[in-house]
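Dropping the structure in here first, questions after.
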Amino acid sequence: MASTTPITMEDLQKALEAQSRALRAELAAGASQSRRPRPPRQRDSSTSGDDSGRDSGGPRRRRGNRGRGQRRDWSRAPPPPEERQETRSQTPAPKPSRAPPQQPQPPRMQTGRGGSAPRPELGPPTNPFQAAVARGLRPPLHDPDTEAPTEACVTSWLWSEGEGAVFYRVDLHFTNLGTPPLDEDGRWDPALMYNPCGPEPPAHVVRAYNQPAGDVRGVWGKGERTYAEQDFRVGGTRWHRLLRMPVRGLDGDSAPLPPHTTERIETRSARHPWRIRFGAPQAFLAGLLLATVAVGTARAGLQPRADMAAPPTLPQPPCAHGQHYGHHHHQLPFLGHDGHHGGTLRVGQHYRNASDVLPGHWLQGGWGCYNLSDWHQGTHVCHTKHMDFWCVEHDRPPPATPTPLTTAANSTTAATPATAPAPCHAGLNDSCGGFLSGCGPMRLRHGADTRCGRLICGLSTTAQYPPTRFGCAMRWGLPPWELVVLTARPEDGWTCRGVPAHPGARCPELVSPMGRATCSPASALWLATANALSLDHALAAFVLLVPWVLIFMVCRRACRRRGAAAALTAVVLQGYNPPAYGEEAFTYLCTAPGCATQAPVPVRLAGVRFESKIVDGGCFAPWDLEATGACICEIPTDVSCEGLGAWVPAAPCARIWNGTQRACTFWAVNAYSSGGYAQLASYFNPGGSYYKQYHPTACEVEPAFGHSDAACWGFPTDTVMSVFALASYVQHPHKTVRVKFHTETRTVWQLSVAGVSCNVTTEHPFCNTPHGQLEVQVPPDPGDLVEYIMNYTGNQQSRWGLGSPNCHGPDWASPVCQRHSPDCSRLVGATPERPRLRLVDADDPLLRTAPGPGEVWVTPVIGSQARKCGLHIRAGPYGHATVEMPEWIHAHTTSDPWHPPGPLGLKFKTVRPVALPRTLAPPRNVRVTGCYQCGTPALVEGLAPGGGNCHLTVNGEDLGAVPPGKFVTAALLNTPPPYQVSCGGESDRATARVIDPAAQSFTGVVYGTHTTAVSETRQTWAEWAAAHWWQLTLGAICALPLAGLLACCAKCLYYLRGAIAPR
């Protein structure tokens, strides 16, 4: 009896599970019989009990695990494995009666006494609560009889055309038990799948969700998720529905879909049966793209290909050349003839030898006039005050019989015909204003170069070259094509077998530091990738059209229905939370290592380094101006290094005596009698001819009456004194300069942001820290650098030149543009002119100034004993040979290549507001070093006041903002000292050590043709359109798909607005 055995919780649970299994079998059998009659067949004893208990007249039950009467929520506590393996109960259950199929009825509930009772009839579900009551309790996540994987909660979407772009999101439980059954009218009722697990939607959304519909407009799939798109009407309002569907059924077969009435996609895969497929329109667009590429390739034909050509420079109209040069412009480019170093120049109305007019170091190298056509013409460039000066000159026609001149590489006498050689004229007419000091033609860069420099002076402009252009020509032999040089820009460095390329040259392949150029069709495809945007490569159409075509195809497939916005949000954008920042703070940080600021967290510059590729440029020995001398309290009889050995050091005297362009002078100061000779004034007449009769010497002998002889004190009544000075340019054995080229440089800034270290560059200027994101306004990389490693008597230091030198322009005479030797034995440049010696008294006001170029001042100094005097020697700049001296390197280079012209800008994105003040107090200890109006930035250093950023101004010129503390910046100064500096308020005087612009001017000479930068153009719109027809055609082709794409994106954005933030 039941009274003798107590009922435990395990027994009750097993009973409930058995009743649940029986009820599920009853519901499944009743639902099948209500939809279609089962054919009569023989049943075995295991299933006859279940069929005998069915009630054919009961209400129709729906298949599935909804409303099965179980009391336990299996989603929280699944049954143990041994309980799931129990056999089904063989107790016959009452057969449910069948009901009319017009209205679904609520399921029966199993009672504790073994009977069943219907739930109260609630009619069609109008809210989530009624829908849940109509289905029974929430189904489990796992079916007790299977091990099929399920998902806890999935998302479906609904939207109505009557409500605009308002999307409703429905979160519901979804079990992988197969597709719900169809109603008798063939419609698919999703109400069986409605079991909300998120916020309850409004009642009209639930009614629309439960509305049966059999039309499927499209299928969306991604990964293991599949969505079916439907549209239908509810009460006259058109609704759209995006439902999550199962991928596979329990039996392993693909779950069948409802019948499609609008579109059916047949693409299948082993894992995901429903995918998106591109059809005929996309194939047509791809074919059109390939046809465009084929047509463009056929148009290009055989064209030269260069993997990295020089940047193009469009020639300007010759409106600034003058009337006498314009008629030659159509003949460019052209080749010149060599000149020789012994030519003549016309200055004013007189002709003078070049050696009398040009600086001395022009005479040693090869140079010549440039012959345009029937006139001798030339161009002369001088750089000063941030600009270049040039003009074009012409003189009388050459003689009727041309005469070959000496080559640039060989300055010796060449073979000449019977006629006299034509002088190299570079006439200077009145428009040039006479000969400019320090200007002259250029030495040739390469021995096989048949061109020569041109004399330039006068008008203000900047010289340029036409861009390098190539052509292709066929020839007999292998390879059957060769490259023809149409125009060549020398700084591009194109060479053919080691010889510079000239206009008209033919070569199978050209090589330059930037790459290779060839006409080979085999390399055209690969080389066209680098030049994809040029006019001659049809690959430009491919590069420009492919992204738009791909975006158009994707957006066309995604935006063809209004459900695309919801599909994209559900499949792609769901769960994405973009970062947001509250406030931004901006400040500056100086570029010296160790600088710190508050932005608002502490930011410190830990260090700066740069990375580059190094190419060795050789080594050279610079010229060195060396001088020595002696002050003697008598007149020597042997004026030489041997005769003056007691007063003059032997080693430097011998080195200077054996140098080039030596200057040697001997002065007799107030001499009256010495050694028994009557020293009269005529004895030291100018030139010293009378003195040399008795004392032969190689030095110039000059009297110095009127100079102070107080250096030789002790004999006031019989005072005699002489001064000897010797100077020349020598090659010092312990002074060398090695050149290294740095390319592809990249500056790396090492920052510490509130203790977090990070590196920023121009490619990645961000630091992501726990306090926020720091964006650094990094100055541009310095580009190419030239390093001069100077070793002067054991003291080695490095100087840096910014940028690649323009060896055919302003930097023609810099040491880096010369050919060096690995053993540092070659001297740079030509032999300089001889220095000038001058005797100056100790109280002469002239000593308050500096010696001029190429001058050496000697001054006697009173000794500590009687008849013992010394000599003070001061040497000025090196005159015309300045660019070949160590001081030129110091003036045109810097000691720190990583120093940018201004501070670093810091933009810190944080969640709290930060406001940094601006100070108006003047900066302190400001020092300006460098030059003004010379094209080289001057260095400005100082100490900015605290309290905020300082907007630094120098003589009214804004140099940008600097942070508080020590700052170092650079700027082009256009005004001479004194300099007034301020931060926007009170100003202060800055100390300055600047050089006059005349001391920083240098000469540059150009090769070949040159054009000028003008402020206007004579090109019409028709000419511009004819020159850019390929770009205009390509733009018109891209405009049509771009317009359609923009319209498609606008439609997508309208519906995406509500899909991202659904109700």
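For all residues, glycine too, the Cβ spot is worked out from N, Cα and C.
Checked Swiss-Prot, it gives:
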type	residues	note
BINDING	ASN670, ALA671, ASP718, THR719	Ca(2+) binding site
COMPBIAS	93-107	compositional bias 'Pro residues'
DISULFID	CYS153-CYS197	disulfide bond
DISULFID	CYS590-CYS595	disulfide bond
DISULFID	CYS619-CYS824	disulfide bond
DISULFID	CYS641-CYS653	disulfide bond
DISULFID	CYS699-CYS712	disulfide bond
DISULFID	CYS758-CYS767	disulfide bond
DISULFID	CYS807-CYS817	disulfide bond
DISULFID	CYS931-CYS934	disulfide bond
DISULFID	CYS950-CYS983	disulfide bond
CARBOHYD	THR1011	O-linked glycosylation site
CARBOHYD	THR1012	O-linked glycosylation site
REGION	1-131	region 'Disordered'
REGION	279-300	region 'Functions as E2 signal peptide'
REGION	563-582	region 'Functions as E1 signal peptide'
TOPO_DOM	301-534	topological domain 'Extracellular'
TOPO_DOM	556-582	topological domain 'Cytoplasmic'
TOPO_DOM	583-1028	topological domain 'Extracellular'
TOPO_DOM	1050-1063	topological domain 'Extracellular'
Name the one residue among CYS619, CYS641, CYS712, CYS824, CYS931 whose Cα is closest in three-dimensional space to that of CYS590 (disulfide bond); these are the disulfide-bonded residues.
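When the Cα distances are compared, CYS931 comes out closest.
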Could you state the whole-number distance in Å separating the C-alpha atoms of CYS595 (disulfide bond) and CYS767 (disulfide bond)?
17
Note down the number of other Cβ atoms within 10 Å of the Cβ of CYS699 (disulfide bond), including every protein chain shown.
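If we count other Cβ atoms within 10 Å of CYS699 (disulfide bond), we arrive at 19.
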Would you identify the secondary structure of CYS653 (disulfide bond) according to DSSP, in three states?
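The residue in question, CYS653 (disulfide bond), is helix (DSSP, three-state).
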Provide, as an integer number of angstrom, the distance between the C-alpha atoms of CYS758 (disulfide bond) and CYS950 (disulfide bond).
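Between the alpha carbons of CYS758 (disulfide bond) and CYS950 (disulfide bond) there are 26 Å.
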Which of these disulfide-bonded residues is closest to ASN670 (Ca(2+) binding site) if you go by CA atoms: CYS619, CYS641, CYS653, CYS824?
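Ranked by Cα distance from ASN670 (Ca(2+) binding site), first place goes to CYS641.
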CA-CA, which of the disulfide-bonded residues CYS619, CYS767, CYS931, CYS983 lies nearest CYS712 (disulfide bond)?
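Comparing Cα positions, the candidate nearest CYS712 (disulfide bond) turns out to be CYS931.
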Which site among CYS619, CYS758, CYS931, CYS983 has the most other CB atoms no more than 10 Å from its CB, taking these as disulfide-bonded residues?
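The largest 10 Å Cβ neighbour count belongs to CYS983.
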I'm trying to understand the geometry here, so how far is the Cα atom of CYS619 (disulfide bond) from the Cα atom of CYS653 (disulfide bond), in Å to the nearest whole number?
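Rounded to the nearest whole number, the Cα-Cα distance is 27 Å.
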Please name which of the disulfide-bonded residues listed here, CYS653, CYS931, CYS950, CYS983, is nearest in space to CYS767 (disulfide bond), Cα against Cα.
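Spatially nearest to CYS767 (disulfide bond) by Cα position is CYS950.
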Let's check the environment of CYS653 (disulfide bond): how many other CB atoms sit within 10 Å of its CB?
22
For CYS699 (disulfide bond) and CYS641 (disulfide bond), determine the Cα separation and express it in whole Å.
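Cα-Cα, rounded: 11 Å.
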Where CYS641 (disulfide bond) and CYS824 (disulfide bond) are concerned, what is their Cα separation in Å, rounded?
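Counting only the Cα atoms, the answer is 29 Å.
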What three-state class does DSSP give CYS758 (disulfide bond)?
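It is in a strand.
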Which whole-number mean pLDDT does the model give the topological domain 'Cytoplasmic' (556-582)?
47
Could you tell me the C-alpha distance between CYS824 (disulfide bond) and CYS653 (disulfide bond) in angstrom, no decimals?
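Each residue's Cα considered, CYS824 (disulfide bond) and CYS653 (disulfide bond) end up 24 Å apart.
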What kind of secondary structure is CYS712 (disulfide bond) part of, going by DSSP in three states?
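Where CYS712 (disulfide bond) sits, the three-state DSSP reduction gives coil.
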Measure from the CA atom of CYS653 (disulfide bond) to the CA atom of CYS950 (disulfide bond) and give the result in Å, rounded to a whole number.
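Cα of CYS950 (disulfide bond) to Cα of CYS653 (disulfide bond) measures 56 Å after rounding.
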Calculate the distance in Å between the alpha carbons (Cα) of CYS931 (disulfide bond) and CYS653 (disulfide bond), and round it to a whole number.
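Cα-Cα distance, CYS931 (disulfide bond) to CYS653 (disulfide bond): 36 Å.
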What is the total of other Cβ atoms whose distance to the Cβ of CYS595 (disulfide bond) is within 10 Å?
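Within a 10 Å radius of the Cβ of CYS595 (disulfide bond) lie 21 other Cβ atoms.
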